[in-house]
Every structure is written in structure tokens, then in C-alpha cells.
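Record features (Swiss-Prot):
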| type | residues | note |
| --- | --- | --- |
| SIGNAL | 1-15 | signal peptide |
| REGION | 26-96 | region 'Disordered' |
| CARBOHYD | Ser69 | O-linked glycosylation site |
| COMPBIAS | 71-94 | compositional bias 'Acidic residues' |
| DOMAIN | 133-234 | domain 'C-type lectin' |
| DISULFID | Cys135-Cys232 | disulfide bond |
| DISULFID | Cys209-Cys224 | disulfide bond |
Amino acid sequence: MKLLLLLALLVGAVSTRHLNVDTSSLQSLQGEESLAQDGETAEGATREAASGVLMPLREEVKEEMEGGSGSEDDPEEEEEEKEMESSSELDMGPEDVQCPKEEDIVKFEGSPGCKICRYVVLSVPKTFKQAQSVCQRCFRGNLASIHSYNINLQVQRSSRILNVAQVWIGGQLRGKGHHKHFHWVDGTLWNFWYWAAGQPWRGNNSGRCVTLCARGGHWRRSHCGVRRAFSCSY
């Protein structure tokens, strides 16, 4: 009798052990399946991010570097563009243009064989249009177009010599919406740019004219009616 009871207890213990092992195996398999599904979901999310977020970001950076199209129009910019289009190219008569004194300017030469070989930086503050008038009437040129890092550096250094924070250069924003683009007022090719971080489209950037900063030499957008020092090329 005791032997039969002992055998029954042993059989029950073995059955319980097998049941625990099967349960653990089932939980392990379920866990692996869950991890596999999570991995597929993460991979799918990565692919979605790559196609839906990273590509537009690259396009935005490309547009930013090239001075390409911004999509939203600032009402102040539109008003500024209308004002510039409605008025004459030169907003000062000959009697209003006073050519600068020698102590107010720094001159330097461009590269040998260049199309635009002479540059001048002037410390007398003018609006963008007034500065363009001075460049045309006093130097028979235009606000400076910059086509290389070397010229950009020379304008920056000249600005520091005159102790001015920013100078107008000849870059100007034209167009609306996705057709916005920058151009040089002298009509030369827009083939070089040196925008500051976040310029010209990101953040709270506005204004249709371009300034060069004496600190760092980077470019920023600015409202054309602000009076600043400026640089001419001729």
C-alpha cells in the first residue's frame, strides 16, 4: 500500500515538472515572436522616417545653401518688393549723391584676369538703394557681387578695418512663394554664397536684401531700408 502511494506521488511530481517546462518554452517562444515583431516595426519606422523626413530635410538644406525657393511670403517683404519695383532704380538725384571721402573707404583689387577687378568698402551708412546709387554714380559700378571665398574674405577684412558690423552687398531676393531666388544687382551669375547658420530661410528671417557680417564674413537677410555701410564692385 505504501509502495503504491509512493509511486503515485512520483508520477504526479514528474507530470508537474513537464508542465512547467512546456509553459516556460511557450513563454520563451512568445517573447521571441514579440521581439521579432518589434524589430520589424522599428525597421519599418526607420524606412518611413528616411523617406518621409530625411529627404525633405536634405532638399531644404540644398535650397538654403543655394538661396533657393522659400514657400511662405512675409507681408513686410511683399511691401518692400512693391516699393522697390514702383520706384526708379536710382532713388537719389545727382544733387543728392555725395561721393565718400578717402578716409571713409577701403579699396582692394580682385584676382588677376577677373571680370570685376576692383572693390571698395564704404563706412557711410545708406539704405540698399541709396548705396546702389553711390556705387553707380561715384564708381560707375554696383553693390558688390561676390563670386569667391577670397573676395568675401577681403570684404570682411575691409569692414573690420572701418569698424562696421555689417555691409550691404549686391544680393537681393526676387519672386514669391516657391519662385523666390537671390540674384546680384549687376546681373552676374549667383554662383557663390556664404550664408550664416539658419539663413536664408529658416527661423525668423525676413528682408529682401543681403548683408555681409564683419564678424565671420557670413551673409544675412535684412530689410532694404536699414542704413548700413556697403561695398561696391566696379
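Just so it is clear, glycine is given a Cβ too, placed from its N, Cα and C backbone atoms.
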Candidate with sparsest Cβ neighbourhood (10 Å radius) among Cys224, Cys232, the listed disulfide-bonded residues: Cys224
Averaged pLDDT, computed only over the residues in the domain 'C-type lectin' (133-234): 96
Per DSSP, three-state class assigned to Cys224 (disulfide bond): coil
